[in-house]
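Noted in TrEMBL for the protein shown:
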type	residues	note
COMPBIAS	82-94	compositional bias 'Basic and acidic residues'
DOMAIN	7-74	domain 'DNA polymerase alpha subunit B N-terminal'
DOMAIN	190-294	domain 'DNA polymerase alpha subunit B OB'
DOMAIN	315-519	domain 'DNA polymerase alpha/delta/epsilon subunit B'
REGION	75-94	region 'Disordered'
Amino acid sequence: MALVTAESLKSELEMFDVPCTDDSVLDTMVELCICSRIQADEMLLEWVAYSTTKNGLKLSADTLEQFKHEVLNKKSKSKQSFRKDESHNRTRDIHSLQDFESEMKSTALLASPGLLLSPASFSPSATPSQKYSQRGGKGEVVVTFGAVQGTRWVGRRSAGAGVQLELLEGCEDSLRSSYKFMFQRLRDVRNVLTEKIEELGESLKSHFSIEEFSPVSLPAQDSIKVLGQVCCDSNGKLNAHSVLLEAGPEQGGHQVPVDLSELKEYSLFPGQVVVMEGMNTTGRKLMASKLYEGVPLPFYTPEIKMEMDEEPMNVLVACGPYTTSDTLTFDPLLDLISIIVRDRPDVCLLLGPFVDSKHEQIEKAQVTETFEAIFSRCVESILDGTKSVGCRLVFVPSQRDIHHHYIFPQPPFTLPNLSKDQRVTLVPDPCTLLIDGVTFGLTSTDILFHMGAEEISCGTGSDRFSRILKHILTQRSYYPLYPPVEEVNMDYEKFQSFGQMPLTPDVLIIPSELRYFVKDVVGCICVNPGRLTKGQVGGTYGRLLVQRSASSQDVKRVSPCLAAQVVKV
């Protein structure tokens, strides 16, 4: 870089016809050029641009100070961050075979099990998060459910040993591999929605002993019962004055506006299949007087008689991101591994995102490895760190996992190197698992948040979480909202096959950005464990004690979930 002098600056000032008679101003400009590491011509270009925006500002000591604070300081900061990013992403030059061999040795050393858990190994550019390391309330229990008094939150004597874990649908009928998407005809979507209306309509018909449904748009002087799907009359949010009921083809396939003023209580969302009773004298508006909502599916009953387990099973549930938003050091994941080693759970349900597409450094392309490499190292760290425990590990993908397919339903991760590891189970999102006779419904998609933004209610008397959870169970779907939010890339044909609930699960794991909770909804224990990190600070994880009860047709069903907690990491 050529040295900037007063003479070079003076010639540039004359070229741009900028008057400057004060030598101290010229000296200040030279100093600014050197401190900001810019040439004389760059300095003048910046000044002319700044002066023009300020209506032809004259050059003086005061205006130069103003220019320094408003332009040059910001410019130097952005340059520093760029240089830092550039140094992270610079490729290393290898000029000889010896250099290549030493490079390979260092890579092999970095990938050794002893160093895999080192924070620096995840991202050489990362520095540990200060806010996370200084967090308070570690291990604090924020939610309790069931008989937790005197409970020992540890696994069985031989953690994971003898645990039977499988997808409820079986390998043949479940989503096991990636599939082709991005080609979906509107007619196929319509067929899926129609089948949903007809299927739920049949269950409502038999449960409430309804003789037949009337067409929605047919004028009638008497009270009628109509079946349909709730939708909105515009592209905006659903409200009490914009509700439409859209019937299936068997009931005419028309849409009719609904007047909800006579309903004392209701809870509705777009895509919900309901039966409404009311008057439709003109055929153009339904005056609803009664609402029939869905009924949940039955719980799991084993085909063969099963005895009660001697010891309860300890299940740990955690949902990503596993890094704080300001660094990629995976410190929260390392802390979670320490908790697993300490508590020795039988099963760990780990839900994505593992490599979060919303992470600041990933959005700005500041990582030094491929996303797949970061994910592989993350999984290897979990495996190596929990080897002494021997617990079963279940990995559930997320649509925020940048290295995986962005589609719902989402196929399981592909990790060919782990196919021989009996402890690892890779499952799709969503899925229903059978673990030692207890059914778990799992989804990493934030349906609570999505439905919470769309649901409308009046006079229900229950909290919003319970209402939404009941909708999910009674609509018998892991994602009953239609249309889905923009960030959910839905494939409806696969959704019809793999996105529905085969039964009501004993435990529903439904992580969300919303506040953590554990709730009993229509006999199903619904758990939002929260996320392991919240921005730059630590989040929460969940733990459950479940015990299969002896199966009998005569005895009233007892929930297998004895106790549950949500704990700060």
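Glycine is no exception: its Cβ is also placed from the backbone N, Cα and C atoms.
Note: TrEMBL annotation is automatic and uncurated.
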Completion exercise
The correct DSSP tally for the domain 'DNA polymerase alpha subunit B N-terminal' (7-74) reads 51 helix, 0 strand, 17 coil
Completion exercise
Averaging the pLDDT values of the domain 'DNA polymerase alpha subunit B OB' (190-294) gives 92
Practice task
Count the residues of the domain 'DNA polymerase alpha subunit B OB' (190-294) that DSSP assigns to helix (H, G, I), to strand (E, B) and to coil, and report the three numbers in that order.
Solution key: 21 helix, 40 strand, 44 coil
